[in-house]
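Asks: So TrEMBL lists the following for this protein:
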type     : residues : note
TRANSMEM : 29-51    : transmembrane segment
TRANSMEM : 58-83    : transmembrane segment
TRANSMEM : 125-150  : transmembrane segment
TRANSMEM : 171-192  : transmembrane segment
TRANSMEM : 198-214  : transmembrane segment
TRANSMEM : 255-275  : transmembrane segment
TRANSMEM : 346-368  : transmembrane segment
Amino acid sequence: MDFPTFEEAFRLTKINCWLLGIDGVNVHFRFYLIFATFFPVIFEELGFLITKASAANFVTLLGLIPCIIYCVVSVTKVVVVFLNRVKVVQLIKRVEQLYLKISKDAKKKEIVRHEIIFVKRLTKFLLVLNMTLVSVYNFSSLIIMPYHYITTNTVVYHLPYPVLVPFSTEACLPWFVVYIHSITCGYIAVIFSATMDALYYILVTHVCINFMVLHDDFLNLKFKNFVNLTECIQSHQHFIQLSEDLDVIFRLPNFINVLVGSIQICALGFCITVGDWSDMPGYFIFLSTVLVQLWMTSMFGEKILSSSSSISEAVWNCYWNCTDVKTQKTILLVLMRSQKPQKLTAYLFPVICISSFTKILSNAWSYFSILQSVYTPPA
């Protein structure tokens, strides 16, 4: 596969941002229109959750919790990027300049090719996965309603998401209005989530590939008599600043992802074990989506750790002991700084990495075990 250009890597994300009404630092009217359309469904689901709370509806309500969380997390991601859009645009421009430098060097292109192609394919895969998830939920009503009519000879107006509205949906017209609004909001939530996740993955990847290139530059200092040492140090400082800016922008979305991830996994896993068969496809795909999303968030956090940590290894192996004393002192300072890896954080969770993913799974299993022990199926 040819080496992707910067525009190709960002194309899908840019298209989705444009659809949402975010065009760089400019915000179009449709952004506010989309939010005005989307917000009511969150309160409608919360209203249903609060007013219908009972033991008989426990599984239905438990299955609704991941949907509400998904919507809230999606909105949070968009709002954070919206409020930090100037920083995001500046960060994109800076990594674009660095990417153009890499694309002019055949050796550097080979170093980063795999990472760029991987993240390009990943963003497409996640969009398809999320679209599949919401489509299963959105169009389940069009399968359940005819099946129920054929088997019982009665019409039941089924909605894809349990919502509380101030009128009855037990008639064709009001049901159709609520149904169209519900599926529209479902697709909006997917575009919100998939677009912001893709932006996060792409930016993390670009920071990581620059650390990878810098790793190679430090190793090659010995062949260039250390004439590029100052340039390497300046690049290292620049990449550290990029990773810190990235952490500031995505700290809140990462925090919410990690905080509620265990609840989503627990709720969906429990619904799979005790829920109705007609809801199983949605639960399975939803659980898969949540797991993939949390794993990717943790994996990209791990990539920042490993790629930034590799600089100290490269500095140590650059034959610094063969240089003059002044250069050795400079390299020693670089070595000391590079031993402190860059990391993505999430407020109370100090590091986003693979171990944080295992902690989420451990917490989810604990919650699941508690639910299994206290739940009594209705007679």
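Every residue, even glycine, has its Cβ placed from backbone N, Cα and C.
Neighbours and distances for these, please.
Replies: Long-range Cβ contacts of the transmembrane segment (58-83) within its own chain (Cβ-Cβ under 8 Å, at least 6 residues beyond either end) map to 20, 22, 27, 31, 35, 38-39, 41-42, 45-46, 48-49, 52, 137, 161-162, 185, 189-190, 192-193, 195-197, 199, 249-250, 252-253, 256-257, 260, 263-264, 267-268, 270-271, 274-276, 279, 283, 286, 290, 375, 378.
Residues 12, 16, 67, 156-161, 179, 182-183, 186-187, 189-190, 193-194, 197-198, 278-279, 281-282, 285-286, 288-289, 292-293, 296 of the same chain lie 6+ residues outside the transmembrane segment (125-150) yet bring a C-beta within less than 8 angstroms of a C-beta in it.
Same-chain neighbours of the transmembrane segment (346-368): 251-252, 254-255, 257-259, 261-263, 265-266, 269-270, 294-295, 297-302, 305, counting only residues six or more beyond its ends whose CB sits under 8 Å from a CB of the stretch.
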Asks: Short question: which residues 6 or more past the ends of the transmembrane segment (171-192) have a Cβ under 8 Å from it?
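Replies: That would be 16, 19-20, 34, 37-38, 40-41, 70-71, 74-75, 77-78, 127, 130-131, 133-134, 137-139, 141, 157, 159-161, 163, 165.
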